[in-house]
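As recorded in Swiss-Prot, the features of this protein are as follows:
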type: BINDING; residues: THR232, ALA233, GLU234, GLU286, SER385; note: L-serine binding site
type: BINDING; residues: ARG263, SER264, GLU265, GLU350, ILE351, SER352, SER353; note: ATP binding site
Amino acid sequence: MLDIQLLRTQIDAVAAALAARGANFDAAAFQSMENERKTLQTRTQDLQARRNTLSKQIGVLKSRGEDASAAMAEVGGIGDELKANEQALATLLERINAFVAGLPNLPHDSVPPGRDESANVEIARWGTPREFDFEVSDHVDIGSGLGGLDFETAAKISGSRFALMRDGLARLHRALAQFMLDVHTREHGYTEVHVPYLVNPDSMFGTGQLPKFEAELFSVMKDDGRFYLIPTAEVPITNIVRNELLAHDVLPLKFVGHTPCFRSEAGSYGRDTRGMIRQHQFDKVELVRIEHPDASWAALEELTGHAEAILRKLELPYRKVVLCTGDMGFSAAKTYDLEVWLPAQKTYREISSCSCTGAFQARRMQARFRNTQGKNELVHTLNGSGLAVGRTLVAVLENYQQADGSVVVPKVLVPWMGGIEVLEPRG
């Protein structure tokens, strides 16, 4: 959530930054609500001052034995107007807060301008795509040939955009997630957390999914309210610090969690309908950091490097891009995407998105720390995929496929596969 004082004092600069994101910001509507707020507050203050003056006069009149009925009647009228103003102001502040809650984060100064993904800037590549001496297959055909990837049964059970995995492929999927968790906890210093997959509306608001993106979420209604299936572990993990006041010396907090993620994929009709690239349910290992404001931008570079380390250990070619202003997520101030090479598509596809949100989520969550001067200050929050497990599986299948339909297990994964070095096609 943006700082409302920034909107009040630097509205032109905010409008320009939001325009660079392609966000719809009605400055006139905000100014109108602000003018109404100021008028109400000024009138309320005037009435309170008049009531205080009259109360003193009533005391003097009564002490003299004089008639105070007129002054008392005026005080009663003021009380009625104050009550009406209080209700009107509360309603107006709700409108203002809802308006501000619908505005995305402001881009960091280092973010390149642009309207869409075509303006994203590649800043690095790692690895050389493998040259095949046979016609490559995509992950769907490879997985089916291994007898481990079954979309037909998944569709019978649930519908489109679901996958069922069996045997060696299911084990490889599990091994990837465990490998990622072990690297991030043992080598990168993250604390593993196991979190709920259903969260309340306050949690979704805190990380920025609500109210703007409700159509993209799955939810269930129970007697004690509505719960949402998490679209990413960023939601429950980041909300660990909602409404918390932390000591400055506990920062940074570094969390990692492995969860399924659930997305309706509203607006993606017809895109990536084949295979596991775009699913309603998929697994992800998520990195979340709670940082001191002075350390958050360096932390973004480090967090992104931790996600890159997984790709390098798996020896998967990838590229790193910084997203332009028009392609960033709602809560992000700056985002790096990591895109892995998929031989069957002959292109790089997103496998990780790493973002710093600054104080944007912290303000929505009221996540604060007490600084060295003893003052309360908002933390900064960061998140990133480390990595999307299903897409990593896709990349392994396609990059490690062999001419006979088998798939070589990446060397680094063999211990997590119980010594299995090759997945053989079914006979």
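Note: Cβ is positioned from N, Cα and C throughout, glycine not excepted.
Note: GLU234 (L-serine binding site) has non-local neighbours THR207, GLU286, VAL288, ASN383, i.e. same-chain residues 6+ apart with C-beta under 8 A of its own C-beta. Maximum intra-site Cα distance, L-serine binding residues THR232, ALA233, GLU234, GLU286, SER385: 9 Å. Taking only the Cα positions, the spacing between SER385 (L-serine binding site) and SER352 (ATP binding site) is 5 angstrom.
When the alpha carbons of ILE351 (ATP binding site) and THR232 (L-serine binding site) are compared, the span between them is 14 angstrom.
Distance between Cα atoms for SER264 (ATP binding site) and THR232 (L-serine binding site): 12 Å, as a whole number. Within the same chain, residues at least 6 positions away in sequence whose Cβ sits under 8 Å from that of GLU265 (ATP binding site) are ARG161, GLU216, ARG278, GLN279, HIS280. Taking the C-alpha positions, the distance from THR232 (L-serine binding site) to SER352 (ATP binding site) comes to 12 Å. Binding-site extent for ATP: residues ARG263, SER264, GLU265, GLU350, ILE351, SER352, SER353, maximum pairwise Cα distance 19 Å (rounded to the nearest whole number). In the three-state DSSP classification, GLU234 (L-serine binding site) falls within a helix.
Between SER353 (ATP binding site) and ALA233 (L-serine binding site), the C-alpha separation comes to 13 Å. Around SER352 (ATP binding site), a 10 Å sphere centred on its CB holds 29 further CB atoms from the protein chains shown. Packing around THR232 (L-serine binding site) is summarised by its Cβ count: 22 other Cβ atoms lie within 10 angstroms of its Cβ, all protein chains included. Shown are the binding-site residues SER264, SER353, SER385; of these, the residue with the fewest other Cβ atoms within 10 Å is SER264. Secondary structure at GLU286 (L-serine binding site), as computed by DSSP, is strand.
A Cα-Cα distance of 17 Å separates ALA233 (L-serine binding site) from GLU350 (ATP binding site).
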